[in-house]
Protein chains: 2
Amino acid sequence: MTHITNTLTVQTQSHDYPIFIGASTAVQIDLASPILPFIKGKQVLIVTNTTIAPLYLTDLTKHLVAQGLMVESCVLPDGEQYKNQEYINTIYDVLMKNHFARDCTLIALGGGVIGDMTGFAAASFMRGVNFIQVPTTLLAQVDSSVGGKTGINHPLGKNMIGAFWQPVCVLADMTTFDTLPKREFAAGLAEVVKYALIFDKTFLDWLEVNAAKITARDGAILSELVYRCCDYKAKIVASDERESGVRALLNFGHTFGHVIETHMGYGNWLHGEAVAVGMVQAMMMSQKLGLIGEDEVARVVDLLQIFDLPVKPPYIEPSVALDLMGHDKKVQNGSIRLVLLKELGKAFVTKDFDMAMLTEVLNANH
Amino acid sequence: MTHITNTLTVQTQSHDYPIFIGASTAVQIDLASPILPFIKGKQVLIVTNTTIAPLYLTDLTKHLVAQGLMVESCVLPDGEQYKNQEYINTIYDVLMKNHFARDCTLIALGGGVIGDMTGFAAASFMRGVNFIQVPTTLLAQVDSSVGGKTGINHPLGKNMIGAFWQPVCVLADMTTFDTLPKREFAAGLAEVVKYALIFDKTFLDWLEVNAAKITARDGAILSELVYRCCDYKAKIVASDERESGVRALLNFGHTFGHVIETHMGYGNWLHGEAVAVGMVQAMMMSQKLGLIGEDEVARVVDLLQIFDLPVKPPYIEPSVALDLMGHDKKVQNGSIRLVLLKELGKAFVTKDFDMAMLTEVLNANH
């Protein structure tokens, strides 16, 4: 049995869907029962990867088969480098070879990469089929399972091919964190801290108070944490599904983080690690603009360190970093948009800062 | 200048869009001016094929460039066999190499294949960009430019990968028929007759009265014809965008036609030719069920022949045909759904007929 402690309803343009947050009460994890009512038709494809398959695939398949469902699986290699057309084709091939019809259901069992790929396969197979997310990483639970962004990478750019496609339900089971490596758990916490910094200072207080329980992966606390993060994101997405306005605030720390990820080569720094450092840099910018105090930056740096996250960037030549940020050399100031903090818990987007100041931040702290 | 004689507004779940129907008044065809107000951003990609490019690409590009737009083109080989992932990638590659941004516009200049591929590229590039259709075949104008179906083929099935993605406008210019081969023009007329048979007997009368002008490709009459067909389809699509109910009537003649297309090999029979014969077979079924008279079947057969369309199927062993129709041998009757006619101008979907009767129809008339 899975004990659902929180249910959140996400509103989207196409339909509303629930995120079930809970934990398995038995030794044997049961990822099937909460999602069963959302399976359409008799044909189910579980898409997962070589890391997650040995942990959960057999049990989930067994539970679904016991309900009379015809279950196939597609096990992809684990990693962002496989989030491409070649591997999305392996999903299509399984669907076609097994004569899947339009009333089938695709289940994403894994982290963000599996969610993105399965979602895009569901969006594009027969022009759109039923899709359920079972995110097994903290990052996927608090970030990519809300918002409907799906897609794959193009050799010349990340996430360039995709669709907005909403799941019919999401199951975030805290028990899956038992098998999540420490570094990946920490990377997920970077996005958690981000929500606090851009939306809600009281959540920052809560994270500090509960930091020890969080790093000890206390199920009840994590359940509350995931609920709060999904709630922040769901509210943003509901007001801005196709990403024209306020959703941009979710990029806090990401412009700086992108520089680190790209320059260091994808996979060397985890996305969340780069975002953690990027948030520190964005706070330093905010501090230089007189918006937040040095003590506030220090407070967040402390929390990130408790969460085992890096807070200092690797050395990257500022001119290289500015190029990666898309700086237009013909424009002195105003060619780069940054998400900065007005205060802890309030973010805004601005182009109104001095390039010299940005260069100082890029030069500092490594 | 293009003289727009009719404008039809198509209502969809995502947005309403106009279909402009008209003809160029100058010797030099101008496909740019009606669509200009619908171009978003400064980056435009025209997708076309090797048959259409020499006819219209240079002029359209010149007109758009004259408006200060940055125009790229992607010329695909002509044919259904290229409607696949390999060639959709050539579209993505042009977009990526030329740094297209989310506020770009894709223009489909060609027939149904180009429309389907460009539409799917527009649906999936950066999770969806602006899309304009300039259909240059009768079939594309009366059928595939309304409804938002886009996609490509999978090696194991047609149109298996795709999306519903609506254009922001469609330009149906009658002048483009001047360069359309006779056989393709006739194939388009099969779908035209289909609308009359399933929705509107008065349109059948109109087609008979105007048959000579239609085959002579009289611009004013064709403009009226395209308007009427798009209007029928738009009304169906508005009430059933995701194809759950009444939209199934549009498959009249297609279940029988599919057998011919598949058995004879794609490309040997044009889709419209197979549909013409399929409609005759569906009418023979309707006649055997006592719904329409022999004279009514003969009347439609006459019209199809005036339109240079085939009315007799090639010989296909009935058991092979039934297999291709998806007949389940374990079920005596009721495993195949057919669209039949209650009367001329009224169609319905049924499983309620005797398999022996269907076998007779499949055996007849070749």
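A Cβ is built for glycine as well, from the same backbone N, Cα and C atoms used for every other residue.
Automatic prediction, not curation, is the source of TrEMBL annotations.
On a predicted model such as this, the values are computed, not experimentally measured, just so you know.
According to TrEMBL, the features are:
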type	residues	note
BINDING	A:78-83, A:112-116, A:136-137, A:Lys149, A:Lys158, A:176-179	NAD(+) binding site
BINDING	A:Glu191, A:His254, A:His271	Zn(2+) binding site
DOMAIN	A:74-186	domain '3-dehydroquinate synthase N-terminal'
DOMAIN	A:188-331	domain '3-dehydroquinate synthase C-terminal'
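TrEMBL feature annotations superimposed on the structure.
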residue	record	DSSP class
A:Asp78	NAD(+) binding site	coil
A:Gly112	NAD(+) binding site	helix
A:Thr137	NAD(+) binding site	coil
A:Thr176	NAD(+) binding site	helix
A:Glu191	Zn(2+) binding site	helix
A:His254	Zn(2+) binding site	helix
A:His271	Zn(2+) binding site	helix
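Scoring each of the binding-site residues (A:Gln81, A:Thr137, A:Thr179) by how many neighbouring Cβ atoms lie within 10 Å, the top position goes to A:Thr137.
Shown in sequence order, A:Ala108, A:Gln133, A:Pro135, A:Ala140, A:Ser144, A:Ser145, A:Thr150 are the residues of the chain, 6+ apart in sequence, with a C-beta less than 8 angstroms from the C-beta of A:Gly115 (NAD(+) binding site).
With A:Asp78 (NAD(+) binding site) as the anchor, the candidate binding-site residues are A:Glu191, A:His254, A:His271, and the one with the nearest CA is A:His271. Here the C-alpha separation of A:Gly112 (NAD(+) binding site) and A:His271 (Zn(2+) binding site) works out to 11 Å. Rounded to a whole number, the C-alpha distance linking A:Gln81 (NAD(+) binding site) with A:His254 (Zn(2+) binding site) is 20 angstrom. Taking a C-beta cut-off of under 8 angstroms and a sequence separation of 6 or more, A:Thr176 (NAD(+) binding site) has the following same-chain neighbours: A:Ile29, A:Tyr56, A:Pro135, A:Thr136, A:Thr137.
For A:Glu191 (Zn(2+) binding site), applying a Cβ distance below 8 Å and a minimum sequence separation of six or more within one chain yields A:Leu139, A:Val142, A:Asp143, A:Cys229, A:Gly272, A:Val275. Cβ atoms within 8 Å of the centroid of the Cβ atoms of A:Glu191, A:His254, A:His271 (the Zn(2+) site) belong to the same-chain residues A:Leu139, A:Asp143, A:Ala190, A:Lys194, A:Gly253, A:Gly257, A:Gly272, A:Ala274, A:Val275, A:Gly278, site residues excluded. Rounded to a whole number, the C-alpha distance linking A:Thr179 (NAD(+) binding site) with A:His271 (Zn(2+) binding site) is 19 angstrom. Residue density at A:Gly112 (NAD(+) binding site): 21 other Cβ atoms are found within 10 A of its Cβ, drawing on all protein chains shown. Within 10 Å of the Cβ of A:His271 (Zn(2+) binding site) there are 22 other Cβ atoms, across all protein chains. Proximity of A:His254 (Zn(2+) binding site) to non-local residues of its own chain (separation of 6 or more, Cβ distance below 8 Å) is seen for A:Val275, A:Gly278, A:Val339, given in sequence order. For the domain '3-dehydroquinate synthase C-terminal' (A:188-331), the predicted model reports an average pLDDT of 92.
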